[in-house]
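Per Swiss-Prot, the feature ATP binding site maps to Gly129, Thr130, His131, Gly132, Lys133, Thr134, Thr135.
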Amino acid sequence: MTIQHTQDLAQIRAMVPEMRRVKCIHFIGIGGAGMSGIAEVLLNEGYEITGSDLSENPVTERLVSKGATVFIGHQASNVEKASVVVVSTAINEENPEVMAARELRIPIVRRAEMLAELMRFRHGIAVAGTHGKTTTTALVTQIYSEAGLDPTFVNGGLVKSAGTNARLGSSRILIAEADESDASFLHLQPMVSIVTNIEADHMDTYGGDFETLKQTFIDFLHNLPFYGQAIVCIDDPVIRELIPRISRQVITYGFSDDADVRIENYHQEGQQGKFTVVRKGRANLDITLNIPGRHNALNASAAIAVATEDDIEDDAILKAMAGTQGTGRRFDHLGEFDTGNGHAMLVDDYGHHPTEVDVTIKAARSGWQDKRLVMIFQPHRYSRTRDLYDDFANVLEQVDVLIMLDVYAAGEKPIAGADGRSLCRTIRSRGKVDPIFVPEIEQLPSVLANVIQDGDLILTQGAGDVGKVAKQLANLELNINKMLG
């Protein structure tokens with residue numbers, strides 16, 4: 001069914017004239033991926049945007065270049081001009097700007113509430129799930145852009161083809177990553193919802209109860225109107241179990257024989273995945289996907305399912321898949337660098353859950369079977385390391401060389417036995433790989449100088465600051481020996 005998406009921004013804005021009473025929108029923690037995306041869209045819609053963060057980064061610099069005012073550090077005076085204050089769950093009630101906003105009776109809304117306001121009169125496509133949200137959001141965006149539909153998008157990571165994680169488009173389409181970590185995705189009311197998979201993560205939000213998490217995903221899908229569409233991965237056992245409880249139109253995708261949009265004949269050639277997509281009532285598509293891994297074939301088939309239901313031309317789908325550059329820090333091939341003894345291939349990946357690490361390892365093994373796999377892993381959060389300890393050990397022992405950093409706390413207090421040193425000790429006791437523990441990230445160059453060999457594939461893995469190491473290595477002006485100097 002073809003849907004008309006050409007309504008312009010002026011028409012959308014005219015639907016909510018009251019929103020124009022808001023003059024200045026202030027974001028606390030504006031440098032975060034999710035917050036900055038919404039801030040950039042609102043900035044481009046003509047609102048005055050201010051924000052604060054603890055330090056400058058490329059995201060804050062980009063916002064300033066576009067006209068935002070960004071304060072470094074949190075203080076009460078930062079909110080004095082604000083009509084509304086936007087916060088993420090990382091911001092607590094004792095934050096001086098939150099306290100000042102309450103004192104001044106300035107409305108405080110969560111990030112997802114502001115995203116929901118952007119989506120309210122648009123054709124919203126929301127992408128949820130434990131893993132794959134960012135890449136799937138980028139792939140949906142790529143298809144709609146290739147089809148000339150100029151969508152607005154708000155993603156949790158850099159869409160490399162666009163050079164940003166958010167953009168204001170001219171059509172009524174809004175494609176957004178939906179965050180389940182704090183259950184705030186329940187604020188969204190999209191027309192189409194994708195759920196990629198459901199695993200036990202962020203369990204503190206759900207009282208440690210997996211059934212509560214599952215019900216929350218069902219509630220998210222039931223936010224769809226009765227004519228909306230739920231696009232779900234039938235390969236995921238939890239989703240398969242939940243499908244009978246979803247009272248909306250359900251379209252499935254996956255490798256499974258009973259998927260409505262089915263992947264066949266997947267194989268990987270280096271950086272590219274190649275496969276056939278079989279669709280009911282439509283021609284098969286022979287896909288060349290410019291990012292590797294079976295997990296990315298699943299992400300692509302979710303995007304293809306959405307595009308097929310929206311009657312987007314196959315040519316646009318094929319071009320988008322072949323032309324995608326992926327997303328920042330998702331199997332991000334940063335090139336090669338000089339080891340001093342030759343050259344090593346460098347890949348940076350954000351994955352920080354055992355399932356995400358596992359599929360990254362499998363993609364590396366499938367595409368570069370002749371290379372020794374060296375992983376620099378930084379656990380993310382003590383609570384996640386504790387809750388998934390054995391799963392991490394099972395996954396990490398698959399690599400040839402494991403260099404382990406200590407836990408990136410992300411604001412958490414240490415938990416005994418749930419740190420990098422303990423995880424190393426457990427993996428070493430199993431006898432498959434002898435991990436090297438590096439307590440301080442600054443010590444990595446000297447360790448790498450003694451480990452890296454010509455022809456290695458190096459994976460920097462994790463959601464913390466290990467990505468900074470990847471960027472340093474990717475600077476081809478440097479080699480390991482110069483880093484030591």
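Residue numbering: from 1, along the chain as shown.
Note that Cβ sites are derived from N, Cα and C of the backbone, with glycine treated the same way.
In the three-state DSSP assignment, the secondary structure recorded for Gly129 (ATP binding site) is coil. Counting every protein chain shown, 26 other Cβ atoms lie within 10 Å of the Cβ of Lys133 (ATP binding site). Local packing around the binding-site residues Thr130, Thr134, Thr135 was summarised as the count of other Cβ atoms within 10 Å of each Cβ; on this measure the leading residue is Thr135. Counting only residues at least six positions away in the same chain, the Cβ atoms of Thr196, Asn197, Glu199, His295, Gly351, His353, Thr355, Glu356, Val359 sit under 8 Å from the Cβ of His131 (ATP binding site). For Gly129 (ATP binding site), the same-chain residues 6+ apart in sequence whose C-beta sits under 8 angstroms from its C-beta are Thr136, Glu180, Ile194, Val195, Thr196, Asn197, Ile198, Cys233. In the three-state DSSP reading, Thr134 (ATP binding site) counts as helix.
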